[in-house]
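Q: Attaching a single structure in structure tokens format; questions to follow.
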């Protein structure tokens, strides 16, 4: 029997519903249950693919090519289970599907309404394909009271009535703010949030209370009384040093035990959390530290690089070091000398991005790393700019540039118009739509057996996730390789470059894919593990 747990949020946004959902899933997994995580997003975009990273944060790409919410990254990292396009849906996607059906005549002239058509579509999404799971955890984006979230709250309310008794539960994540002048945590915002939730027909079974200090017994009793939950169901979600402490914290508070009790399951054994304790210990007690520069264009919102940050942390865990991140806006290097910003750092990473802004700054960062023998990791756009830099500085192609920025006589990077997905040829046009038209999802790459990157992977055939519209031009391969920039990995047909590396450099690698999307705390991605290892070596030379 599949059981459903719906996770909602109240009082303020950005409380960490995604992390809470992922942590609960990890706890249930450690008890031996099969868990699925899903996300309902109330915004009207069909997917986050065309949304600004500075507004929405990272776009997390799945193996099957879906552009999804960054919370799916938390789901994968905490559970180790790859997400799919079937694990995330938006209001925009639902409306698009419904309107397409209406235009086709599928509704036979019926009046299309939010209830029942939109709510039914939400319910169908939630209920579909769960036969293999013991628990399905469904996170509802946004905050209770948001207008755009009402159809989702109504849908999960209806599911509470339609599912068999004992098959559905609700967790409400809320905030207990501390007021210094009063010297106490305040429960009133949570009471009002729960009242709002109850007004639309949902009674939470568990309160997950974010706070920065212990909840006094009297405040727990007050919350239980006025929010109509058991006192044992008032769970303290206190701030922790690392997100990898969250499962440990929730486990100590008994969140998983309380969830099992809701479904009448006797929790015979405690979850096996030894590996989480190991991760926590390594994060808290590193044996050294390194400093990495991230030269990007969305540095104002760190969530734009969420998976990247975590992958670097995983590399640090693997090498038992703390990874300090120095965030540098790429445009600065277009006006100033990079040296004062990059001197003394142990590695330089240029992540993915779109557009011309900051591109020349990234090129200058790549040149500095190459000339100063500092470990360099270029991801997607970061690889492309490293190749442009090598074309200009090493191969003497002064006009080398990307057609993404406009016409150029030397298109070292150009628009990717066709490629193979398995045995099928996919095509795109320059004038086509932006949404969902990139090279998206997992693709296979073939690595040169004697290359550094093949040694790092321990294999010559790999599969990584992509999200890009432009690609390095293979017509320049011979001239670049003659100057020491090796095309060490390509698509299986040899037509598309996937990785480059600079020969004679301690560690200079560019990849067209996004390896950060597949890194896990218990399985650090080999490239990030190796990059941080190279940074550790560099730190001993400074």
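Positions of Cβ are set from backbone N, Cα and C atoms, glycine also.
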Q: Where Swiss-Prot shows 381, 382, 383, 384, 404, 469 binding L-glutamine, which of 353, 441, 494 is named for the same site?
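A: It is 353, as the record lists it for that site.
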Q: Same ATP site as 14, 15, 16, 17, 18, 19, 238, 239, 240 according to Swiss-Prot: which of 71, 87, 303?
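A: As annotated by Swiss-Prot, 14, 15, 16, 17, 18, 19, 238, 239, 240 share the ATP site with 71, chosen from 71, 87, 303.
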Q: What is the interatomic distance between the Cα atoms of residue 190 (UTP binding site) and residue 381 (L-glutamine binding site), given in whole Å?
A: 44
Q: Between C-alpha atoms, which of these binding-site residues comes nearest to residue 514 (active site): 187, 188, 222, 353?
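A: Of all the candidates listed, 353 is nearest in space.
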Q: Least buried of the binding-site residues 16, 18, 189, 353, going by other Cβ atoms within 10 Å?
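A: Looking at the binding-site residues 16, 18, 189, 353, the Cβ with the fewest others within 10 Å is that of 189.
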Q: From the Cα of residue 13 (UTP binding site) across to the Cα of residue 469 (L-glutamine binding site), what is the distance in angstrom?
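A: Residue 13 (UTP binding site) has its Cα 33 Å from the Cα of residue 469 (L-glutamine binding site).
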Q: Going by DSSP, give the three-state secondary structure for residue 139 (Mg(2+) binding site).
A: strand
Q: Provide, as an integer number of angstrom, the distance between the C-alpha atoms of residue 18 (ATP binding site) and residue 353 (L-glutamine binding site).
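A: Residue 353 (L-glutamine binding site) has its Cα 24 Å from the Cα of residue 18 (ATP binding site).
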Q: How big is the Cα-to-Cα gap, in Å, between residue 381 (L-glutamine binding site) and residue 189 (UTP binding site)?
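A: With distance taken Cα to Cα, residue 189 (UTP binding site) is 44 Å from residue 381 (L-glutamine binding site).
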